[in-house]
Amino acid sequence: MKHRILILTTVGGFLPKFLEGHIQILKSLDAEIYYASNFSEPAYEYDAAYFGEHDIRTIPLPIEKSPYQFRKNARALKRLVRFIREHQIDAVHCHNPVGGILGRLAGLLAGKRVKVIYTAHGFHFYKGAPVKNWVVYYGAERLMAYCTDSLVTINREDYEKARGFRLKKGGRLFRIPGVGFDLEKYACRPRDRADARKALGVEEGEFCLVTGALLHPDKSYETILYALTHLSDIPFRYMICGEGPYRQQLEELTDRLGLRDRVTFLGFRRDMDFLLQGADVFVFPSVREGLGMAALEAMACGIPVIAADNRGTREYMEHGRNGIVCPAGDERAFARAIRELWENPDRRAAMGENALRDARPFGAEQAAASIREVYEKSLA
């Protein structure tokens with residue numbers, strides 16, 4: 001008998017961006033897959049044909065990322081409950097904080113035995129988080145744990161916090177090495193370096209810094225922009241790949257700092273595996289990460305990473321081995337790190353080789369085994 005699985009996320013592009021490995025596993029388990037999300041404002045670009053090609057039925061929801069959008073989220077919850085009942089859904093796998101709350105409430109209110117799996121891609125409460133995050137999100141996660149059959153974490157800090165939660169009777173807590181990614185796709189390809197640098201507009205002798213992530217305040221791009229003001233003697237080019245609500249503010253800051261001719265906003269890119277071949281260093285200044293797939297993809301290309309210290313990067317960053325770790329928000333520390341790698345190409349190369357090796361445990365094959373275990377035990 002086929003299991004009917006409903007995947008719930010807050011933003012419509014999340015599944016094709018991060019959960020393709022989950023889809024492959026569910027298909028191997030002969031599951032029928034449904035996907036509910038807000039498709040009107042996707043945070044990540046995606047091809048709508050993807051869902052049809054993978055036999056995934058989509059359910060548009062007025063779900064919002066903000067927990068304060070009570071009316072829209074209440075409508076989304078009502079529709080979820082109705083859909084679960086009408087289509088006899090066996091399990092709901094919810095992602096993102098608000099998706100996690102609505103998915104677990106829907107499973108509870110549907111009035112039948114619905115298994116509920118929740119993947120925390122980084123709790124919004126963490127060491128150093130604003131007090132309001134602890135007030136709003138910690139209480140919500142602790143309460144909703146009572147409605148959770150399987151709670152999945154992707155880093156050590158979140159796992160340890162979740163151990164203090166009380167799950168539904170018989171509930172399970174998992175820790176997996178992220179959602180996985182294609183190591184071969186992001187493999188180092190020296191033959192592509194010249195073409196990639198040409199595509200990026202990087203001139204001979206320029207030091208190419210790349211960042212790829214959602215343009216959001218949590219990513220702390222301004223830390224790098226301010227750091228670059230201390231490096232006017234270095235012929236750098238900084239490439240920012242990604243879209244998001246913070247782009248206009250970042251472009252305005254770039255202009256105010258006089259960096260427009262050295263910083264390029266490339267928007268959302270589907271060819272990051274190619275563009276990364278032209279990078280000398282990947283910079284990753286995020287204040288908050290559940291894991292940080294963008295940095296791992298760069299490491300798989302053999303590129304050293306300059307990263308902010310946070311619970312996600314602690315899973316794979318080793319200061320001085322595969323890159324340099326800086327205090328989050330410390331522009332001068334990032335400036336020193338960039339200068340150090342600019343001045344020491346041999347050290348940069350050695351770090352890149354270590355980065356390539358250190359990314360392997362987070363590849364798709366490694367993650368798939370953990371994700372399969374979650375589904376097999378949760379659906380048993």
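Heads up, the Cβ atoms here are built off N, Cα and C, so glycines get one too.
Listed features, source TrEMBL:
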DOMAIN    47-166  domain 'Glycosyltransferase subfamily 4-like N-terminal'
DOMAIN    193-355  domain 'Glycosyl transferase family 1'
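Mapped onto DSSP classes, the domain 'Glycosyltransferase subfamily 4-like N-terminal' (47-166) shows 59 helix, 20 strand, 41 coil. Taken together, the residues in the domain 'Glycosyl transferase family 1' (193-355) have a mean pLDDT of 97 on the 0 to 100 scale.
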